[in-house]
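S.K.: Feature annotation from Swiss-Prot assigns transmembrane segment to 18-38, 39-59, 71-91, 99-119, 125-145, 155-175, 200-220, 245-265, 280-300, 334-354, 358-378, 429-449 (among others); the stated evidence is sequence analysis.
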Amino acid sequence: MQQAQGLKRGLSARHIRFMALGSAIGTGLFYGSASAIQMAGPAVLLAYLIGGAAVFMVMRALGEMAVHNPVAGSFGHYATTYLGPMAGFILGWTYAFEMVIVAIADVTAFGIYMGFWFPEVARWIWVLGIVFLIGGLNLCNVKVFGEMEFWLSLLKVGAIVAMILAGLGIMAFGFSQVGTGHAVGMSNLFDHGGFMPNGVGGLIASFAVVMFAFGGIEIIGVTAGEAKDPQRVIPKAINAVPLRILLFYVLTLFVLMCLYPWPQIGSQGSPFVQIFSNLGIGSAAAVLNVVVISAAISAINSDIFGAGRMMYGLAQQGHAPRGFSKLSKHGVPWMTVVVMGAALLIGVLLNYLIPENVFLLIASIATFATVWVWLMILLTQVAMRRSMSREQVAQLKFPVPFWPYGPAMAIAFMVFIFGVLGYFPDTQAALIVGVIWVVFLVASYLLWCKPRAGQGQPVAEPAELHR
């Protein structure tokens, strides 16, 4: 096993670009959007626009730090540098926790999607199989991960664009009845209780699911340590975020809700598949099921990659067991991949014990972890700016826009989301679990890391360049 050699820079601009595209298209869109639609109705489009604006500010804050100092471990390392070791410890492990929880949601969605074709097969069997498959692939060279993400992302993007064009074609050419008795068109956005049928309360409630949908997009910052030219490719990837949000979330859900009455969109599978199946277009439903399965596989792949690299960075800083920093001959932190695979077996157990309730529970907990990570990223960027002179700020190659008002508004929005989780009964458990997790991390740091602080822990350095 390699220990002296660092992570390999095996991710090209093409890999990073499509990872940026693919990270916006996952379980939160293909499955979780059904719950968000039921909460807010067509007004969910506003929730995605507002949440997307806040997420873009998070990504720009992360991009400023990642371009300034591209390292393995990314924002966990930045938090240690600018907010202190405890903050880095809490942020790094909360991100790893987020990836575990999100991955459990993703493997659960994979099992649900497979039920479209094989309803008689127990879901936990599919979950177990995909955990072993993706875990094995992540033990390969990082280029294998990059290539897999490239092709899966290409498939997802192509399918979304094709679905949007097909939906617009159905509306434009008067394909208003497909044997279902339902009208097709923009009238569906207003005919079933209005554009905001559940009021402002429904719109606010949907933020818990909407923010979960954006979770994982920060993986672009984690890839900085393995990107061949981070100062060029990361800004391009991050600046494409607003367009991706408009295309993949707002326009996509707009078309879906125009095609089919939103009150009849259920949660027994992907709403994308349901709508085309109910419209009588069975072949399109089958193709879309392949796409959503691919999206779930891609998301699981990214989850394992992101958590593994964060734990590797934590180990370099002395915030995780030293074994997590061991590399295979392919330059992969193999121990962290094994740990992630073992953690995902919890998902297998949950799908065996409570198959009907597992997704909502996991998604709400993931929302807490996701928003906590974003809040810490924003606070870290503010702390970095405060530590810099005017000359240093002027030399930043990718500065955050609308400083300081943009980051301040994004910070306030993240705090607001915590309030949403605590206010609505369905998500209160997530806030409780999240608070317990943070308290556990604080206690763990004080008992484990702080006594060793004077022993001189290794510091994360930029990954070595291997072309």
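Yeah, the Cβs are placed from backbone N, Cα and C, and that goes for glycine too.
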S.K.: Which of 39-59, 99-119, 358-378 has the most Cβ pairs closer than 8 Å to the transmembrane segment (200-220)?
M.R.: 39-59
S.K.: Can the transmembrane segment (429-449) be said to touch the transmembrane segment (71-91) if we require at least 3 CB pairs below 8 Å and skip pairs under 6 apart in sequence?
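M.R.: Yes, the transmembrane segment (429-449) contacts the transmembrane segment (71-91).
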S.K.: Could you check if the transmembrane segment (280-300) is in contact with the transmembrane segment (99-119), meaning 3+ Cβ pairs under 8 Å among residue pairs at least 6 apart in sequence?
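M.R.: Contact criterion met.
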S.K.: Do the transmembrane segment (245-265) and the transmembrane segment (39-59) come close, with at least three CB pairs under 8 A (pairs 6 or more apart in sequence)?
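M.R.: Yes, these stretches are in contact.
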S.K.: Could you check whether the transmembrane segment (125-145) and the transmembrane segment (334-354) come into contact, where contact means at least 3 Cβ pairs under 8 Å with the two residues of each pair 6 or more apart in sequence?
M.R.: yes
S.K.: With pairs restricted to those 6 or more apart in sequence, evaluate whether the transmembrane segment (71-91) and the transmembrane segment (358-378) have 3+ C-beta pairs under 8 Å.
M.R.: yes
S.K.: So which of 39-59, 99-119, 155-175 is most in touch with the transmembrane segment (334-354), counting Cβ pairs under 8 Å?
M.R.: 99-119
S.K.: Please report, as numbers and ranges, the same-chain residues at least 6 past the borders of the transmembrane segment (99-119) whose CB is under 8 Å from any CB of it.
M.R.: 26-27, 30-31, 125-127, 130-131, 212, 215-216, 268-270, 273, 289, 292-293, 296-297, 299-300, 303-304, 306-307, 310, 340, 343-344, 346-348, 350-351, 358-359, 362-363, 365-366, 369-370
